[in-house]
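Before any comments, here is the structure.
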Amino acid sequence: MTLTVNGKAMQVPAGTTLHQLMIMMSVSAAGRGSAAAVDGVVAPRSRWESLELRAGQHVEILTATQGG
Amino acid sequence: MADDAFTIAGEELGSRLILGTGGAPSLAVMEAAIRASGTDMCTVSMRRVDTTTPGSMLDMLARCGVRVLPNTAGCRTSHEAVLTAELAREALETNWVKLEVIADEQTLLPDPVELLDAAERLVAEGFTVLPYTNDDPVLARRLQQIGCAAVMPLGAPIGTGLGIRNAHNIELIVAEAEVPVVLDAGIGTASDAALAMELGCDAVLLASAVTRAQDPALMAAAMAAGVTAGRFAARAGRIPRRHHARASSPVHGTAVF
């Protein structure tokens, strides 16, 4: 299925969870510093493993970086 | 000189200088500047994950022992800012946020309407909101009234280094404030930071003035000294300005030749 991840189309297997997507994006589930929103709603870390993504969803994955 | 604690939302901070981390050429340079500044809190931005970014900002900040204050830099609407703050809370496990809602890329000035709306929503969600605001006493008052933990008026637009363009307005904001006032943005050099403190601000937040200086660590030390000097001067009470000279040597007992 196709998702939009950080503004770009991305092919992932059907049934991919947010947790699996985060690993694909090199985000450590254990580490602090990153968070995700699915279709404009924040997905708490505690739900990453159970949250199965659906085709067409928009996922934004943010991380802390340098900034004023 | 001791016993001058600086607290925001009941939490004591060890320094009246808050450092932004944007604009540094490397993490090593940033770390040296943070250590030289003696700051207790640094801001970070939330951006899309980029797997090519080297090193970890958060590891470096943890090494320095500073508190991390996420911002909502780049957000143009209340909706974007609220969502970014929520993501930052999830990512960094803090409900503190430097709320930034800018109107356009040219001025990077806060959009007052969107800012107030976002602040109200975030306060309702339990955030400790530190809004980056215009040097507008009325807007600062409104931000306080809705429950912001501090107000952070600009001295001049972000990154300009133009100093404090409207010192009178900053004084008006300070005079009315019941929450800490943090001069945020526009600082160019140490005397600007000292002036902010002399005007009665509780702290100074700056980034570019240090990170884009030729020697960031040295400028960070200068800013720390400027903030301390300004704070001492504000507490000491300056002499009134006079139109004419007033001798400091005794006028009696002057010899007559």
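Cβ atoms here come from the backbone N, Cα and C positions, even for glycine.
Given the structure is predicted, the values throughout are model-derived calculations rather than measurements.
Checking the candidates B:GLY159, B:GLY226, B:GLY230, B:GLY237 against TrEMBL: the one annotated together with B:ALA185, B:GLY186, B:ALA207, B:SER208 at the 1-deoxy-D-xylulose 5-phosphate site is B:GLY159.
Chain A has a C-beta under 8 angstroms from the C-beta of B:ALA207, B:SER208, taken from the recorded positions B:LYS98, B:GLY186, B:ALA207, B:SER208.
Taking Cβ-Cβ distances under 8 Å and a sequence separation of 6 or more, the neighbours of B:GLY186 (1-deoxy-D-xylulose 5-phosphate binding site) in its chain are B:LEU154, B:GLY155, B:ALA156, B:PRO157, B:ILE158, B:THR160, B:GLY161, B:LEU162, B:GLY163, B:ILE164, B:ARG165, B:ASP192. Rounded to the nearest whole angstrom, the C-alpha distance between B:LYS98 (active site, schiff-base intermediate with DXP) and B:ALA185 (1-deoxy-D-xylulose 5-phosphate binding site) is 13.
Counting only residues at least six positions away in the same chain, the Cβ atoms of B:GLY20, B:GLY22, B:GLY23, B:ILE158, B:GLY159, B:GLY161 sit under 8 Å from the Cβ of B:SER208 (1-deoxy-D-xylulose 5-phosphate binding site).
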